[in-house]
Amino acid sequence: MIFQISPSNVTIFQPVWVLYNRKVLEFPYTFLLTFEILLNVSAMYYTLKLIWICSKIQVFHKNMSILMFNITVQWFEVFAANLVIKPYEIGVASLADTQSPLIRQWYTDNPSHYILLTVDPWKMEFSNGRFQFLIAGIIKWHYSASLVNLLFVLSIERIFACCFISDYEKKSRNWIITILLIFYHCMNIVTTFIYFLEGFDYFGLALMTLLPNIVAVFLFCLARQFNLKITRAQEMFSTPSYTLAARFQAKENIKYFQMIRNVVIMAMVLFFVVTVANLLILWNIVPEMDVLLNFIVQSIVNVTPIFTVPTLIHSVDSWRKFKMCPRFSFPMCSIISNKTKDRRKIGDITAQNETSLYFDQLNVLWS
């Protein structure tokens, strides 16, 4: 939603599609509001679950764990921002002094369609709620920017892992994670204000969203090929110039790339759905479905952990086996548990075969 701030005449892009939609408080639209509350509760559960798992089970390098923990905790940003924005969306609160009619707008480049809002940023008046409304929009954009730039920063971390592959696990190198976190948050802040201040037009913003992820996929592919080269040299009984630690790190990197592949596929599906829904709203193709389309877009952005956390957990064996409340289970959980046990048996057999292969290699070398 495009606002023109008076008296500065600055235009801002607020991540809100509808204001004063009081129909949500009427039957049967209350089901959507109830379902949205349930989705947020589920997202909070998955967020806390991933935080708990990362603190209890360390599968990847410390730098990777810190980055994942950072983005997981940031979900509480968008949760807090929604608590501020939601009353204005459903008409419980108003940005004007009087009761305002329903306003629907996602994006427009026509100045006559801008929504006028009087806010003096230097006075910081909290009584009318306008300042809090704008700050909540910035926070919401910041979370979106964190998601957009996450894969790019993770790919840089894997490049560091490849550059120091001989002793990456052995040495902490705190300067790497320090540089990554500073770069990540600076990049997020810049991206946030480009979104908020409408630095580009709608399609320019979409391209800016795609670009770091395209670069990230390219870097992941390069790093994966580098690690496959090391593991293939080991499996082909060649005389590798890499140490045992380097070969171990290469195998760990490949496992990590398999997890990232699942996340990238999931992210591409979500991005496609959000893009299609946004274009349908922007071009007003199916106006009778605007409420549902907006609900889909807001749900994907606001409750991202529902999609990302299960993907991450089921991509890592030790995370998939972890139970927060082992004493309580449901019939469906027992079915999943049995399938997990079957995977565990297959994994044990695979591990035994790999162990036998390594001993065979040692016997060949010693002979």
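Keep in mind that glycine also has a Cβ here, set from the backbone N, Cα and C atoms.
If one looks beyond the transmembrane segment (27-46) by at least 6 residues along the same chain, the residues whose Cβ comes under 8 Å of a Cβ in the stretch are 75, 79, 82, 90, 291, 295, 298-299, 302-306, 309-310. The transmembrane segment annotation in TrEMBL covers 27-46 (among others).
Taken from TrEMBL, the feature transmembrane segment applies to 66-85 (among others). Tertiary neighbourhood of the transmembrane segment (66-85): same-chain residues 16, 40, 43-44, 47, 50-51, 54, 60, 132-133, 135-137, 139-140, 142-144, 146-147, 150, 153-154, 157, 177, 180-181, 184, 301-302, 304-305, 309, 312, selected by CB-CB distance under 8 Å and a gap of 6+ residues from either end.
TrEMBL lists 131-154 (among others) with the feature transmembrane segment.
Per TrEMBL, the feature transmembrane segment maps to 175-196 (among others).
The transmembrane segment annotation in TrEMBL covers 202-223 (among others). Sequence-distant contacts of the transmembrane segment (202-223), counting only residues of its own chain at least 6 positions beyond either end whose CB sits under 8 Å from a CB of the stretch, comprise 13, 107, 109, 148-149, 151-152, 154-156, 158-159, 161-162, 191, 194-195, 253, 257, 260, 264, 267, 271, 275, 282.
TrEMBL lists 263-286 (among others) with the feature transmembrane segment.
Counting residues 6+ beyond its ends, the transmembrane segment (292-313) has Cβ neighbours under 8 Å at 15, 17-18, 32, 36, 39-40, 42-44, 46-47, 49-50, 53, 68, 72, 75, 78-79, 82, 106, 140, 144, 147, 259, 262-263, 266, 270, 273-274, 277-278, 280-281, 286, 319-320, 322 in the same chain. The transmembrane segment annotation in TrEMBL covers 292-313 (among others).
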